[in-house]
Amino acid sequence: MEEGGGGVRSLVPGGPVLLVLCGLLEASGGGRALPQLSDDIPFRVNWPGTEFSLPTTGVLYKEDNYVIMTTAHKEKYKCILPLVTSGDEEEEKDYKGPNPRELLEPLFKQSSCSYRIESYWTYEVCHGKHIRQYHEEKETGQKINIHEYYLGNMLAKNLLFEKEREAEEKEKSNEIPTKNIEGQMTPYYPVGMGNGTPCSLKQNRPRSSTVMYICHPESKHEILSVAEVTTCEYEVVILTPLLCSHPKYRFRASPVNDIFCQSLPGSPFKPLTLRQLEQQEEILRVPFRRNKEEDLQSTKEERFPAIHKSIAIGSQPVLTVGTTHISKLTDDQLIKEFLSGSYCFRGGVGWWKYEFCYGKHVHQYHEDKDSGKTSVVVGTWNQEEHIEWAKKNTARAYHLQDDGTQTVRMVSHFYGNGDICDITDKPRQVTVKLKCKESDSPHAVTVYMLEPHSCQYILGVESPVICKILDTADENGLLSLPN
C-alpha cells in the first residue's frame, strides 16, 4: 500500500484493498445484498472524512451501492463502491451496427499493406491478400537479390467462408477470442491465411498464419508482432481503429476505481490500525532506500538467472534472440568454462530453442512433455575446416580507435557438418559471430540466430565477457585465455 491523492492506493488489483476491508473491518449490508468486488479490477480506497461529494464524471456511483464497515476498535465507515461493469454489458447487448468483418472491409478493399522492419527481415502484410517475409541484398553491379518466404495467402472462398461463419457464430454466442497483449486479455478478430511457402521441417506443407486484428483507436493498421507459435505456423497481430466502434472488440483500459469510505459520527477519518500500519511502513522505508542501490545488482543476478527477451520475433528463418543473465561466477572462471565448451548458451522464443557450446556444436531443439525432445544439429566444430574457411573469409574484424590503434571488434567461426537439409540435400552449416557488447550488466549475454539462405545460418553472441578475450584472437580468429 502507498499514500496517494488523499487515499491509500492498491498496487495489486483487488488484493490489498480486500486485505484492508476484510482484515481491519467488518462489513454489514443493513439488510441489503452486499455489493461484489472483482479480483480482476484494481481499486483505490479513499478516506475523505465526514463530508464530501461523489464524482460526477467517470465511473458511475450510486448512494445506495455501499457497505457499512466496522473496525475492531468500533470505528464505523460507509464505503461507497463504484458500478464498474453494467454500462459495458448494456452497450454490447444494444449494439446493432456492422459485424467485425464489415468494419474491416475498407481495409481489404483499398489494397493497403502494413510493414514491420526488424534487424534482418522485413514483414509485409497486404490486408486480405498475403503475408510476406523478405530480405533484400545488393550484389555487385547494384543487382538486388531478394530472399523471401510467404507466411500465408488469402484462403480460397469456401475455406474463408467457413472461418468467417465460425467467427460470426462465436460473436453471437459471446465467445470472442482474446489474446494477452502486454498483460491484458484483449479481444481480436481472426483472419486465416494459408498456402504459404512450403516448410521443409513439416514435410513441405505450406506455411500458414492467423492475422489477429485488435482495436486501437490511435493506430494506423500497424503490425504489433509476428510470432511463430508452432513450426511454420504464425500469429500476426495488427492494430486497427476500424474495430473500435464495435463494443465487443473495444480496448478497455483498466483504470483504478475509487472506493470512498466516509467516516460516520464518532469515528476518525481513517481507522487507527491503518494509520499505525502506515507509520510503521514509513519507518521501514528509510533503511530500504539506503540499501536499495547496494542490493539491486546482486538481487537481479540471484533472483533472475534466465530472462529471455525477444528483439527479432517472427518466423523460421529469424530463429531467436535471447538475453541471459549469468550467475555470479568470476570472469576468469566463466571465460575458462566458455572456451572449454562446458558452459553453453541456451535460449530462444517460440517453438524452437537453441544451444551453442563453443568449440563443440550449435543445436536447434524443441521439448515436448508428450513426445520428448526433437533436436537438429545446425553445425559441429572442426578446427581444420574452420581454418580452411578462414582463408577465404574474414575471421577477425577490427575497430579503429580515435588514437589510431586497432582493436578486435568481432571474430567469426565456421561450424559445418550439421544434419542434412531437406531443401538443399546438403549438411547444415552456421557462422558464429562473437562480438564485444558494452552493457550496464557485466554478465548480460545476447544470442541471436538468422537464416539468410536455406539451412545456412548466422549465430551471433554478444557479451561484455567476450570483450576480454577478443584481443587474444589469432589470424584465424581462434581465441585463448587472456594473460
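Residue positions begin at 1 at the first shown residue.
Cβ coordinates are placed from backbone N, Cα and C, and glycine is handled just like the others.
Disulfide annotation in Swiss-Prot: Cys467 is bonded to Cys436, selected among Cys436, Cys455.
Of the cysteines Cys215, Cys232, Cys261, only one is given by Swiss-Prot as the disulfide partner of Cys244: Cys215.
On the backbone, the CA of Cys126 (disulfide bond) and the CA of Cys215 (disulfide bond) stand 18 Å apart. Taking only the Cα positions, the spacing between Cys467 (disulfide bond) and Cys244 (disulfide bond) is 50 angstrom. Secondary structure by DSSP for the domain 'MRH 2' (342-469): 14 helix, 70 strand, 44 coil.
The C-beta environment of Cys455 (disulfide bond), restricted to residues of the same chain at least 6 apart in sequence and closer than 8 Å, consists of Gly418, Cys421, Ile423, Thr424, Lys426, Arg428, Gln429.
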